[in-house]
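Enquirer: From TrEMBL, here are the annotated features:
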- GLN36, GLU111, ASP142, GLY143, PRO167: S-methyl-5'-thioadenosine binding site (BINDING)
- HIS67, ASP91, ASP160, SER161, THR162, ASP163: spermidine binding site (BINDING)
- ASP160: active site, proton acceptor (ACT_SITE)
Amino acid sequence: MLGKIMELWFTENHTDEARFSIKVDKHLFSKQSEFQRIDVFESKEFGKILTLDGFLMVTEKDEFIYHDMITHVPMAVNPNISKVLVIGAGDGGTVRELLRYKTITHIDMVEIDKDVVTVCKEYLPLTACGLTDNKVHLYFEDGLKFVRGKVSEYDLIIVDSTDPFGPGEGLFTKEFYGNCYRALKEDGILVNQHESMYYTSYAESMKRAHQRIQDSFPVAKIYQAHIPTYPSGHWLFGFASKKYDPIQDLDSDKWNKLGLKTKYYNTDLHVGAFAIPNYVKEQLEER
Ligand code: SAM
């Protein structure tokens with residue numbers, strides 16, 4: 001009798017009591033870099049999957065949701081953005097979306113781990129395709145340090161980082177948000193990936209991160225998206241600005257006239273995304 005062929009699953013612990021698993025066909029790549037363990041898997045349901053230290057970063061099937069929401073929300077509020085700083089984002093999905101705007105002429109991307117970019121160029125061309133564009137200037141260093149010396153340089157800063165521990169920890173600090181404020185022009189916008197507040201594990205640190213952003217910027221809001229492979233599926237983003245309100249200053253007609261085809265983002269959804277659930281509001285309001 002033939003033995004049962006072993007099935008291979010990628011499993012991430014979302015809490016000590018809850019796990020999320022995806023059946024995978026192949027483990028395509030694994031390496032311990034200077035900063036983290038990098039793995040790439042191939043799956044039928046989600047296509048290729050990038051994980052760092054065992055945490056899922058990107059899947060080919062649902063990356064469009066995250067990258068639409070982290071780029072098109074600020075771009076629809078200020079369609080004249082031309083110089084952008086992207087921190088983290090080694091998979092390239094954020095840069096790919098930004099490059100769709102003709103107004104954007106210069107993107108500085110600061111990724112701490114060169115190996116992530118090398119691996120994504122080889123295994124995830126769907127997201128990494130824009131990383132060789134001549135408008136993109138790649139720096140392999142800590143985003144926390146990079147932003148320290150910058151003054152009134154950028155229209156938009158996007159923080160597309162890992163979680164608030166390990167190499168990404170400094171990107172959730174008061175010092176970092178203050179430096180982002182200084183690095184932005186007078187109508188600058190900061191958008192950051194803001195984790196989920198559904199499970200208690202990250203809720204406290206994200207509440208504190210939001211308060212630090214509120215202390216640094218006159219406008220600080222939270223918006224949401226449904227991302228199936230991230231913990232709880234309910235993901236948050238931060239929108240902070242020196243001037244713009246993300247709803248009152250949304251220029252729907254101007255954005256819609258650009259004719260960009262998007263699979264998740266639209267300007268009605270933009271408005272709805274800022275209507276966050278009470279359990280998130282209540283946690284954010286606690287001081
Ligand atoms: N979409 C993803 C998510 O929310 O799970 C984030 C993806 S992207 C791969 C995150 C990147 O941030 C990683 O490649 C990591 O190396 C980079 N990163 C972490 N800390 C950083 C830092 N201090 N400076 C620059 N890049 C950093």
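Placement of Cβ uses the backbone N, Cα and C atoms for every residue, glycine included.
Burial and contacts for the listed features, if you can.
Expert: Other Cβ atoms within 10 Å of the Cβ of GLN36 (S-methyl-5'-thioadenosine binding site), summed over all protein chains shown, number 21. According to DSSP, GLN36 (S-methyl-5'-thioadenosine binding site) sits in a coil region rather than a helix or strand.
In three-state terms derived from DSSP, ASP160 (spermidine binding site) belongs to an extended strand segment.
Neighbours of ASP160 (spermidine binding site), defined as other CB atoms within 10 A of its CB across all chains, total 26.
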Enquirer: For ligand 1, list the binding-site residues among ASP142, GLY143, THR162, ASP163, PRO167 whose CB atom is within a distance below 6 Å of it, in sequence order.
Expert: ASP142, GLY143, THR162, PRO167
Enquirer: Could you state the whole-number distance in Å separating the C-alpha atoms of ASP163 (spermidine binding site) and ASP142 (S-methyl-5'-thioadenosine binding site)?
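Expert: With the alpha carbons as reference points, the distance is 14 Å.
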Enquirer: Between the Cα atoms of ASP160 (spermidine binding site) and GLY143 (S-methyl-5'-thioadenosine binding site), what distance do you get, rounded to the nearest Å?
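Expert: Here the two Cα atoms lie 11 Å apart.
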Enquirer: What's the CA-CA gap between HIS67 (spermidine binding site) and PRO167 (S-methyl-5'-thioadenosine binding site) in angstrom, rounded?
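Expert: About 21 Å separates the two Cα atoms.
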Enquirer: What binding-site residues among GLN36, GLU111, ASP142, PRO167 are found with a C-alpha within 10 angstroms of that of SER161 (spermidine binding site)?
Expert: GLU111, PRO167
Enquirer: Can you tell which of ASP91, GLU111, ASP163 has the most other C-beta atoms within 10 Å, given these are the binding-site residues?
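Expert: The residue with the most neighbouring Cβ atoms within 10 Å is ASP91.
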